[in-house]
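Have a look at the structure below before the remarks.
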């Protein structure tokens, strides 16, 4: 049994539990449920594409869809836990939320971090493909994609471990949350905050900044090609297909920048000792940011359907086959 002197307390005001902004969690939950079938279809499509392609793009998009699916699946218990606070007593809701918050919170961060990092790699590969179209396939090969995927999958869980097992809720008395430190590591709060801020910067701010720079460069290149057609080199059929994929990737990364920016900005600031963000502002931002993240991880399949004729034809073929199977014989 832990010594009561090792408990750290965090005040929790009961009149802020039922924040109106929390109602943004309802559409976030619906979007997660709707987006899962689309991401599963994306996995199926790019898994088949990766078998016939020596490039890195199909593998990266397939693994991105895998982590998007995991992000949506793991977000469901986290969102349900937060929504539960709307329908229970403030004191009981706070107790349930804080006692069970850390496991779903840090569980959902793993696929989100992996998805953010892989999207950054995709943005870099798209930029390289338009700047160096002749050497792109020699650099971004299938083996490089597998290596990046393996590195991301192995490294990120170890980065999250100190955050995942740091605290466990003990009790709530007089609207005060008491936590038990599970390790000696937690006693060094400076080290803990350093690791927290490092994680937030590494897996939110760095991907956002890199994707933003790549997008600006891609937009400049595409406008230059559009308004100066005489000065551009004619593309081969394979290079033209890669350019279409680049435009598709540009749309994906733009959605990522818009949807993940709130967390990429506010998460690192929140980890500072004297955070400039007041708690009411943070509580208002988080439900909206959760909704935007749900859109980000579920909308990719819709972008593929609109922008990729091959993906659209494959999807329509599946729908037609299912309809023909269930239609009565005449």
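Cβ coordinates are placed from backbone N, Cα and C, and glycine is handled just like the others.
Any TrEMBL annotation is an automated prediction that lacks curation.
Summarising the annotation, TrEMBL assigns transmembrane segment to 20-40 (among others).
If you look up TrEMBL, you'll see 38-304 marked as domain 'G-protein coupled receptors family 1 profile'.
Per TrEMBL, transmembrane segment is recorded for 60-87 (among others).
Distant neighbours of the transmembrane segment (110-131): 56-57, 60-61, 63-64, 67-71, 74, 139-140, 148-149, 152-153, 156-157, 159-160, 199, 203-204, 206-207, 210-211, 214-215, 217-218, 221, 242-243, 245-246, 249-250, 252-253, 256, 260, 293, 297; these residues of the same chain sit at least 6 beyond its ends, with a Cβ under 8 Å from one of its Cβ atoms. Taken from TrEMBL, the feature transmembrane segment applies to 110-131 (among others).
According to TrEMBL, the transmembrane segment annotation covers 143-165 (among others).
Counting only same-chain residues 6+ beyond the ends of the transmembrane segment (201-227), those with a CB under 8 A from a CB of the stretch are 109, 112-113, 116-117, 119-120, 123-124, 126-127, 130-131, 156, 159, 246-247, 250, 253-254, 256-257, 260-261, 263-265, 267-268. Per TrEMBL, transmembrane segment is recorded for 201-227 (among others).
According to TrEMBL, the feature transmembrane segment maps to 248-269 (among others). Within the chain carrying the transmembrane segment (248-269), a Cβ under 8 angstroms from the stretch's Cβ atoms is held by residues 116, 119, 122-123, 126, 197, 200-201, 204-205, 207-208, 211-212, 214-215, 218-219, 222, 275-277, 282, 285, 288-289, 292-293, 295-296, 299-300, 303-304, 307-308, all 6 or more beyond its ends.
Outside the transmembrane segment (281-306), and at least 6 residues removed from its termini, the chain residues within Cβ reach (under 8 Å) are 16, 19, 21-25, 27-29, 31-32, 34-36, 38-39, 41-42, 45, 64-65, 68, 71-72, 75, 79, 82, 112, 115, 248, 251-252, 255-256, 258-260, 262-263, 266, 270, 312, 315. Taken from TrEMBL, the feature transmembrane segment applies to 281-306 (among others).
Residues 65, 68-69, 72-73, 75-76, 79-80, 82-83, 85-86, 283-284, 287-288, 290-291, 293-295, 297-302 of the same chain lie 6 or more positions beyond the ends of the transmembrane segment (20-40) yet place their CB under 8 Å from a CB of it.
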